[in-house]
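So the structure is just underneath, and the comments pick up after that.
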């Protein structure tokens, strides 16, 4: 089984790193709490006059590279490989890609090892990537093709209005994926 894992928000903890960076840069302006997020694009949760400040944080040199792993993500990645799954990291770089693309590779190398960089797929359109499952926090994924993969939503406050697909986090992933493996054998 070919499992595609999104990077930011699924493997790399974009959200909490952003909040920490916001507090350091703008201690006088309260950041939007993760639990209160409504939009997949973090800048959209801020007032128009603050969106440039938000964008400056996540496009800054080193931000993507230095993201901490989501708790449990590295262990789940390694366990899936040990179970014989073909696991790939399928990530969309930011439109402001100057730092992002290289830093995604550096993040994978730092947390999963140099060999894992060969498992990294960067694309603006995930519907063009082949796979059986895509685990992604983006609530709706559209593109040029009808994807072959089944979208499993990685749980986040901004995607909880989507109830038509399986949902997981790194605490319950075994149960959710066991159901998907059973389904694929049927």
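Every residue, even glycine, has its Cβ placed from backbone N, Cα and C.
Reduced to three states, the DSSP call for residue 6 (active site, nucleophile) is coil. Counting only same-chain residues six or more apart in sequence, the Cβ atoms lying under 8 angstroms from the Cβ of residue 6 (active site, nucleophile) belong to 89, 90, 91, 134, 135, 136, 137, 138, 154. According to Swiss-Prot, the active site, nucleophile annotation covers 6.
If you look up Swiss-Prot, you'll see 8 marked as active site, proton donor.
What Swiss-Prot records for 6, 8, 137 is Mg(2+) binding site. Listed in sequence order, 14, 64, 67, 91 are the same-chain residues six or more apart from residue 8 (active site, proton donor) with CB atoms under 8 A from its CB.
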Seminar exercise, completed: Those same-chain residues, other than 6, 8, 137, found with Cβ within 8 Å of the centroid of the Mg(2+)-site Cβ atoms are 7, 9, 10, 11, 12, 14, 91, 136, 138, 154
Exercise. With every protein chain in view, how many other Cβ atoms are within 10 Å of the Cβ of residue 137 (Mg(2+) binding site)?
Worked result: 19
